């Protein structure tokens, strides 16, 4: 008799994805982030669900309802901070996951990579709308500034912004619809993640060498299930350290002031995980140009398979490309720092140089480094 795990229609799917899946024998801890992102998503949906039970999406009561959750609801404070800091952990895992894909050439799995880029955009949209919900000063002004960027679109811009606002400014209608979207999007993300996994399992995982691992596979369970559990424990440890010891470390103090349309905060800035893109947006003195650079800074990931000029897939044996990759990482950290600084000298010029460097590295320097390596190896 066949094992139910292999014959039952539902169990069979789980079995083929998480138990009997043939996996490369040499995938490193950089391959842990996929499962960690899944855990982050489940955690965010669960904490978000419990927050939604007590939250009210009305401009008059939104801020007070969040305060009520923290003060009066049993363990409401920990649920709220797990949700807020869970978003930070989510983005740390996301950026590590994307970085791994860039370093090891995983973007050659076209469908998986493109779904991944769509997922990245969706998660960013969800996080942005979630940040608006507590209706603090930074929530309100962040929503105003970012939605206003759409007015840079020629001809339809202004109408589009007012349509998104549901009025002539960010108000009740905006908050209500943002709450609705923020609630529904994680489920869309979960569906997209399943498609992401479906496409990945068509090809099998990449590995650090970038060479086909068909000749050397091991079952996912127990080898990678235990490895994923270790990763999950470390993730939860890091998250709970943040939540219990420094819950407001990554937040903005301005968001503890209720939203006031009549008073603009001195420095409007998004959460830390958007600062690199915000720095690129601010570095261009033209509104439409800035918006285009902002979108392209993420959309450029779609071009990665086209920009791959090396004869090797992974950067494991390519020192020059490794050098370029880590310069790109340093550049992104510089942009993140600049995004949180005021718009004044010398930050403006540093931001502009870092923005130029970002696009130059991806579009010119990295493909050139790959070609030089090909020539050095006489390929």
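Cβ from N, Cα, C; glycine included.
Note that the structure is predicted; figures quoted are calculated from it, not measured.
Looking at 226-246, 247-267, the stretch flagged in Swiss-Prot as transmembrane segment turns out to be 226-246. Of the listed segments 152-172, 320-340, Swiss-Prot assigns transmembrane segment to 320-340. Long-range neighbours of residue 97 (heme b b566 binding site) (same chain, six or more residues apart, CB within less than 8 Å of its CB): 33, 34, 37. The CA atom of residue 196 (heme b b566 binding site) is located 21 Å away from the CA atom of residue 182 (heme b b562 binding site).
Least crowded of the binding-site residues (83, 182, 196, 201), judged by neighbouring Cβ atoms within 10 Å of its own Cβ: 201.
Taking the C-alpha positions, the distance from residue 182 (heme b b562 binding site) to residue 201 (ubiquinone binding site) comes to 29 Å. Scored on C-beta pairs under 8 angstroms, the neighbour of the transmembrane segment (347-367) with the top count among 33-53, 77-98, 113-133, 226-246, 288-308 is 288-308.
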